Amino acid sequence: MAEFLQLVFSGLTVGAVYALVALGFTLIYNASDVINFAQGDFVMIGGMGTVFLAAAGIALPLAALMAIVAAVIVGLLLHRLAIEPARGASPVALIMITIGASIFIKGVAQLVFDKQFHSLPAFSGDAPIALGGATLLPQSLWVMGVALALFVALYLFLEKTLLGKALRATAANRLAARLVGVNVTIILALAFGVSAAIGAIAGVVVTPITLTRYDVGTLFALKGFAAAMVGGMGHPLGAVVGGLLIGLLEAFGAGYISSTYKDAVAFVVILLVLFFLPRGLFGGRTVERV
Amino acid sequence: MLALDRLCSAYGRIVALHDVSLAVKTGEIVALVGSNGAGKTTLLRTVSGVQPAASGRILFEGAPIERLEAHVRVARGIAQSPEGRQVFGPLSVADNLALGAYRRRSPHGDTLARVFDLFPVLKEKRHIPAMSLSGGQQQMLAIGRALMAAPKLLLLDEPSLGLAPLLVDQILAAVVRLKAEGMTVLLVEQNASAALAIADRGYVLETGRVVLEGAGAALLADPKVREAYLGL
Ligand SMILES: Nc1ncnc2c1ncn2[C@@H]1O[C@H](COP(=O)(O)OP(=O)(O)O)[C@@H](O)[C@H]1O
Ligand SMILES: [Mg+2]
């Protein structure tokens, strides 16, 4: 029982990060039909940026903030330089562009940073909290708390603000959005900026637990993508449920089978979803263009 | 208010509008009729700026607007209820209407009250998703959403398409009422008799060219129109 609970804790912790990456996928996909495989690299920029800025003597909270801003700038540049010029290209071509952008970002990160693994000190110490026979790291609470706060903030933004409604309107019907006067280019840039911020924040809070390196974005993108697929691409709540589910499956796979195959869980899930549940648990929308 | 001067528009190599010139004066209902594929929707899309003009001019209140982006044209006072309604399906009726006023910086409670007065069913259903509305209700929502921009010029693309006769009458009565309240309307219809009956003037479009123009009643009586578009 204690072991089970332990696996639940670690599953929910990484799952919360996958959920945030999946939310980033969802937001961009909804606004633009683009599946942004550079989403995981925002996580890396958040973590690596904070590590290197903190190493340069900047206080951790400020370093984190600067790293998040840097990720947002990269997100906006990705939209402006790679996605916007290819407007109207096929979804497959746009996916190729984001994969290319992801490779490019990793290349630059290798030069700007280095090829080593790095970590950050836990925000509230390393003393484990005992809970039902298992233990929970304070940093896990940070990860889950931040993920929850981001999800609530995103929900309020999308449901309650006119700008958020304009984003959903653009997702629902781009032509009609233009006809009511929504500047779709700005909405798409907003989606990329917010997604980058979410990814980078996830990177900051998870780095004390999982370590980071210039290329960790690949696995985060894969798992976030799997989570978004499970939830039904384009469905925010589905992204969160999918993320937690992938995290739990991974933890149980590693705990009860072998940690060697931990990263294969996401692959298997993607294949199963594609075969048996192409619209995901929450029946996300099918790819359609206006 | 609106003047098109030798406007051309094309989809790749398919030219959909050839040198179209027409005018809409303040306070008028102008009907644009023509069979399927004549270019009516293309004309409205070009005026709204969601389809580029290949050549020619679009003058709105005397100023050229053909190079302006769509959202700028909405801010200037051109709103469109597009063909096929195009409501924001997952969003509530109230949110659809709020988005209609997206470009307005001033409060718009009085406009909302007028839209609800024109289409009371929208008020009743304001909390439900737009996709759960019936076709006629979605049409009302599309028109109401355009009205929320407080436009000077209202573009309506086939508001009667696919609606039962009773609903068609209701929608057209709303258009007449809008005109009485001072709105200027460019009304596109395949349902030529209904549109010309309420229009001050009309234009007949055929394969991207204006082939006839005149007072609404005169066009209704024109033998060519009667034969080609009214099936009489
Ligand atoms: N998206 C498009 N791509 C290519 N051709 C189009 C497109 N939309 C319309 N057309 C063509 O332009 C012409 C005018 O169409 P349209 O403006 O929709 O006519 P109407 O609204 O009068 O039925 C038609 O020949 C149609 O096939
Ligand atoms: Mg049409």
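Keep in mind that glycine also has a Cβ here, set from the backbone N, Cα and C atoms.
Note that TrEMBL annotation is computational and uncurated.
Here's what TrEMBL has on this protein:
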TRANSMEM  A:7-31  transmembrane segment
TRANSMEM  A:51-78  transmembrane segment
TRANSMEM  A:90-113  transmembrane segment
TRANSMEM  A:141-158  transmembrane segment
TRANSMEM  A:179-205  transmembrane segment
TRANSMEM  A:237-258  transmembrane segment
TRANSMEM  A:264-282  transmembrane segment
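Listed as Cβ neighbours of the transmembrane segment (A:237-258) (distance under 8 Å, sequence separation of 6 or more from its ends, same chain) are residues 3, 6-8, 10-23, 25-26, 151, 223-224, 226-231, 265-266, 269, 280-282, 284. Counting residues 6+ beyond its ends, the transmembrane segment (A:141-158) has Cβ neighbours under 8 Å at 12-13, 16-17, 19-20, 23, 27, 122-124, 129, 164-165, 167-168, 194, 198, 201-202, 205-206, 209, 236, 240 in the same chain. Of the recorded ranges A:7-31, A:51-78, A:90-113, the transmembrane segment (A:179-205) has the largest number of C-beta contacts under 8 angstroms with A:51-78.
Under 8 Å from some Cβ of the transmembrane segment (A:7-31) lie the Cβ atoms of residues 39-40, 42-43, 131, 134-137, 140, 143-144, 146-148, 150-151, 154, 167-168, 170-171, 187-188, 190-192, 194-196, 198-199, 201-202, 205-206, 209-210, 220-221, 223-228, 231, 233-236, 238-252, 254-256, all in the same chain and six or more residues away from its ends.
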